[in-house]
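Undergrad: If you scroll down you'll find the structure; I have some questions about it.
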Amino acid sequence: MRLTQGAFSFLPDLTDEQIAKQVQYCIDKGWAVNIEFTDDPHPRNTYWELWGHPMFDVPDAAGVMFELNECRKAYKGRHYIRLSAFDATHTWESLRLSFITDRPTDEPGFVLERQEIDGRSIRYTTRAYAANRPEGARY
Amino acid sequence: MNAIDKTKPTEEKRSRYSAGVMEYRKMGYWQPDYEPKDTDVIAVFRITPQDGVDEIEASAAVAGESSTATWTVVWTDRLTACDKYRAKCYRVDPVPNAPGSWFAYIAYDLDLFEPGSIANLSASIIGNVFGFKPLKALRLEDMRLPVAYVKTFDGPATGIVVERERLDKFGRPLLGATVKPKLGLSGRNYGRVVYEALKGGLDFTKDDENINSQPFMHWRDRFLYCMEAVNKAQAGTGEIKGTYLNVTAATMEDMYERAEFAKQLGSSIVMIDLIIGYTAIQSMAKWARRNDMILHLHRAGHSTYTRQKSHGVSFRVITKWMRLAGVDHIHAGTVVGKLEGDPHTTKGYYDLCREDFVPQNLAHGIFFDQDWASTRKLMPVASGGIHAGQMHQLIDLLGEDVVLQFGGGTIGHPMGIQAGATANRVALEAMILARNEGRDIVNEGPDILKEAARHCTPLKQALETWKDVTFNYSSTDTPDFVPQATAAE
């Protein structure tokens, strides 16, 4: 399967040139770009691991691309990596864009567990196959 | 300056309150030098008086009938601070290019309204006065809601920002589809459509306004099959999915029962129709707040009173009331689709949903500055006759904080529902990517779609199938002020 979280998962994997253009768009808007990684792709896993702080003060995309490449050296192929852009404007104060830049080589996906309960109701649990193994040894 | 003179001579007061009928303008409902207070509610009405009725008297009558007056003088006014409670018409302008009709501006003191009650606000402003005989027609065009009144409402249960955080979707419009055919599917077949559309790439599917609990599909059956579909699609994509379960029903008790069941099944969103009424909407908004639920509002029925310019209530007023009432989604028009929607008027509705401060903009039909004072943002929904080939126009006109609902444009795809959903999602992502890269999507849109279709056969087929579909009819509800005119100011 292909994890479709993020704004561009239905497109072919973005090239570094395409990623840099998105980063520049965010910087031009005054948003702080953040790099995160995880090997737990559950859709409710909100808090991916931070690769350093959100970059509030980088002047252009090159700085972000450098950090992204550093993150890749440590985790590429074994983790998901995403970029997000944070807008501190009053009444927003949240993300404005989030997209996956790198994926594990193999994405086994999720099992849907069904627990039959009262009446015809079913309690559903989504579990990543990868999550059966300990963190850091999943992909 | 507040024009109420508290030191009026006794002589004058006595004549004002002598038994009998008196012109409204002489009873204090016309005060041309009144300056509205920051805390006043202001309404602007389009007034079309009967032949021979003077526009000032007609406007004063509207002020009177929507506040303290009755048809004759009553001495019991003198037991009240009646100068304060009287609504004051302070300005009457001719409507540009429409002889015989006027815009009347009327200010209402804040004390006339119960805090946090759309029922009370609307009972005053549109309660009796729309059937008033001396008027041929009357339309409530816009209202200025003072911060002091806005703050008495909860506002959207969830709001755009928190909805995005809960769904983990940022930077692009959300994608939805209304299940079709809207009537007749069994629960099992209905769930099939939901699964295919969500698995193919949509974020949401939606019940239609009239899907409640009919012989062909009882509500519990629909909810159970839909949640199977939502969870299966979620596990198949690793992405949060949802379906708007319509809990509209005959009684509040039935609606609560259905909403509770939706919550128990793990749904992230429920839906209501505008026709349930303002009180029921506010009740459901409070329920949604208590239960972490996104609340979708379908504006079923609104065109009966919003579409014609001469008489009724403008949809911009309904939009304001609904943001106060506390829904999270509202259908607000597509411009390019099959339903009524002038681009400027629609832009006005979208601003009222999404901005924290909306400045006066007569060309968009916005008569007043409106300060929302951090009231959460209401997600507009564009639904009705739109397809992937219009993606560049939709994003250009409507922005990214919107739910784009492609019903027929998903389910009618020649290769099936999943293919239809994928076509829409790819078109959307390609267009956002291109826009962010600085490309001119309005002019290059068709090329951007063609490029994206090279790696996506479903999109190629969608563009081919619907290439000639447009709905170019002139709109009924258009702004009265064109940008270059020297309008009412």
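Quick reminder: no glycine exception, Cβ is built from N, Cα and C everywhere.
Bear in mind that TrEMBL entries carry predicted annotations, made automatically and left uncurated.
Reproduced below are the annotations present in TrEMBL:
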ACT_SITE  B:LYS180  active site, proton acceptor
ACT_SITE  B:HIS298  active site, proton acceptor
BINDING   B:ASN128, B:THR178, B:LYS182, B:ARG299, B:HIS331, B:SER383  substrate binding site
BINDING   B:LYS206, B:ASP208, B:GLU209  Mg(2+) binding site
DOMAIN    B:159-466  domain 'Ribulose bisphosphate carboxylase large subunit C-terminal'
MOD_RES   B:LYS206  N6-carboxylysine
SITE      B:LYS338  site 'Transition state stabilizer'
Undergrad: Highest CB neighbour count within 10 A among the recorded positions B:LYS180, B:LYS182, B:HIS298, B:HIS331?
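TA: Result for the most crowded candidate: B:HIS298.
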Undergrad: Could you state the whole-number distance in Å separating the C-alpha atoms of B:SER383 (substrate binding site) and B:ASP208 (Mg(2+) binding site)?
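TA: On Cα coordinates alone, these residues lie 11 Å apart.
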Undergrad: How far is it from B:LYS182 (substrate binding site) to B:ASP208 (Mg(2+) binding site), counting Cα to Cα, in Å?
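TA: Cα-Cα distance, B:LYS182 (substrate binding site) to B:ASP208 (Mg(2+) binding site): 6 Å.
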Undergrad: Work through the recorded positions one by one (B:THR178, B:LYS180, B:ARG299, B:HIS331) and name whichever has its CA nearest to the CA of B:LYS206 (Mg(2+) binding site).
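TA: Of all the candidates listed, B:THR178 is nearest in space.
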Undergrad: Measure from the Cα of B:HIS298 (active site, proton acceptor) to the Cα of every one of the recorded positions B:THR178, B:LYS180, B:GLU209, then give the nearest.
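TA: The smallest Cα gap between B:HIS298 (active site, proton acceptor) and any of the recorded positions is with B:GLU209.
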Undergrad: Under 8 Å Cβ-Cβ from B:THR178 (substrate binding site), six or more apart in the same chain: what's there?
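TA: Non-local contacts for B:THR178 (substrate binding site): B:THR205, B:LYS206, B:ASP207, B:ASP208, B:SER383, B:GLN405, B:GLY407.
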Undergrad: If you count CB neighbours within 10 Å, which one among the recorded positions B:LYS206, B:ARG299, B:LYS338 has the smallest count?
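TA: Output over recorded positions B:LYS206, B:ARG299, B:LYS338: least Cβ neighbours within 10 Å is B:LYS338.
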Undergrad: Which one is it: of the recorded positions B:ASN128, B:LYS180, B:ARG299, B:HIS331, whose Cα lies the shortest distance from the Cα of B:GLU209 (Mg(2+) binding site)?
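TA: Checked the recorded positions B:ASN128, B:LYS180, B:ARG299, B:HIS331; minimum Cα distance to B:GLU209 (Mg(2+) binding site) goes to B:ARG299.
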Undergrad: Average the pLDDT scores across the domain 'Ribulose bisphosphate carboxylase large subunit C-terminal' (B:159-466) and report the rounded value.
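TA: Within the domain 'Ribulose bisphosphate carboxylase large subunit C-terminal' (B:159-466), the model's average pLDDT equals 96.
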Undergrad: At the level of the C-alpha atoms, what whole-angstrom distance separates B:ARG299 (substrate binding site) and B:LYS338 (site 'Transition state stabilizer')?
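TA: Per the Cα atoms, B:ARG299 (substrate binding site) and B:LYS338 (site 'Transition state stabilizer') stand 15 Å apart.
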Undergrad: So for B:ASN128 (substrate binding site), how many other CB atoms are inside 10 Å of its CB?
TA: 11
Undergrad: Note the Cβ centroid of B:LYS206, B:ASP208, B:GLU209, the recorded Mg(2+) site, then list each other residue of that chain whose Cβ lies within 8 Å of it, in sequence.
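TA: Neighbours within 8 Å of the Cβ centroid, excluding B:LYS206, B:ASP208, B:GLU209: B:THR178, B:VAL179, B:LYS182, B:ASP207, B:ASN210, B:ILE211, B:TYR244, B:ASN246, B:MET271, B:HIS298.
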Undergrad: For the C-alpha pair, I'd like the distance in angstrom between B:HIS331 (substrate binding site) and B:LYS180 (active site, proton acceptor), rounded off.
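TA: The Cα atom of B:HIS331 (substrate binding site) is 18 Å away from the Cα atom of B:LYS180 (active site, proton acceptor).
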Undergrad: Report, in whole Å, the straight Cα-to-Cα distance of B:LYS338 (site 'Transition state stabilizer') from B:LYS180 (active site, proton acceptor).
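TA: It is 16 Å, counting Cα to Cα.
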Undergrad: Whole-number Å only: compute the distance from the Cα of B:LYS338 (site 'Transition state stabilizer') to the Cα of B:ASN128 (substrate binding site).
TA: 34
Undergrad: What is the biggest Cα to Cα gap, in Å, among B:ASN128, B:THR178, B:LYS182, B:ARG299, B:HIS331, B:SER383, the residues listed as binding substrate?
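TA: Greatest Cα separation within the listed binding residues comes to 37 Å.
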